[in-house]
Amino acid sequence: MAAAAKEILTRRPVAATIRLTVPAGGARPAPPVGPALGQYRLNLMAFCKDFNARTQKYKPDTPMAVTITAFKDNSFEFTVKSPTVSWYIKKAAGVDKGSTRPGHLTVTTLSVGHVYEIAKVKQTDPFCQYMPLESICKSIIGTANSMGIKIVKDLE
């Protein structure tokens with residue numbers, strides 16, 4: 001109980017929560033990062049250096065979702081999530097976009113192995129950390145179906 005009370009007393013007031021999609025290793029103080037952080041008077045260069053250091057293991061131009069919590073004392077914290085499931089599916093399938101009529105037109109097929117590999121990467125995300133791999137796979141299969149991509153046991 002005392003630990004919870006101490007945490008509440010030391011909590012800093014939040015000015016805003018900013019959500020951006022920034023290419024991995026490509027954060028620069030230009031739009032979209034500059035205006036979004038500048039209006040809360042946050043240190044742009046500190047964010048860009050930290051973000052680029054955290055995302056250097058990914059290929060350049062991989063779209064990374066980042067959530068920035070701006071505090072009233074002009075400091076900030078941010079969490080970086082891996083790219084979206086639809087981005088991974090499109091990369092694995094080798095297509096630019098999904099079907100215009102999902103359920104009627106099938107754009108391409110993916111194997112269950114591809115789904116499993118995407119699920120293993122997504123399991124490292126903070127929000128999927130404690131989800132079973134099977135549940136993540138089912139979610140990925142649902143996303144692929146809604147994009148008009150058929151999941152098969154083995155690719156012929």
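Using the three backbone atoms N, Cα and C, a Cβ is placed for every residue, glycine included.
What TrEMBL says about this protein:
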- 18-76: domain 'Large ribosomal subunit protein uL11 N-terminal' (DOMAIN)
- 81-151: domain 'Large ribosomal subunit protein uL11 C-terminal' (DOMAIN)
For the domain 'Large ribosomal subunit protein uL11 N-terminal' (18-76), residues assigned helix / strand / coil by DSSP:
17 helix, 16 strand, 26 coil
Just to confirm my parser: what is the rounded mean pLDDT across the domain 'Large ribosomal subunit protein uL11 C-terminal' (81-151)?
86
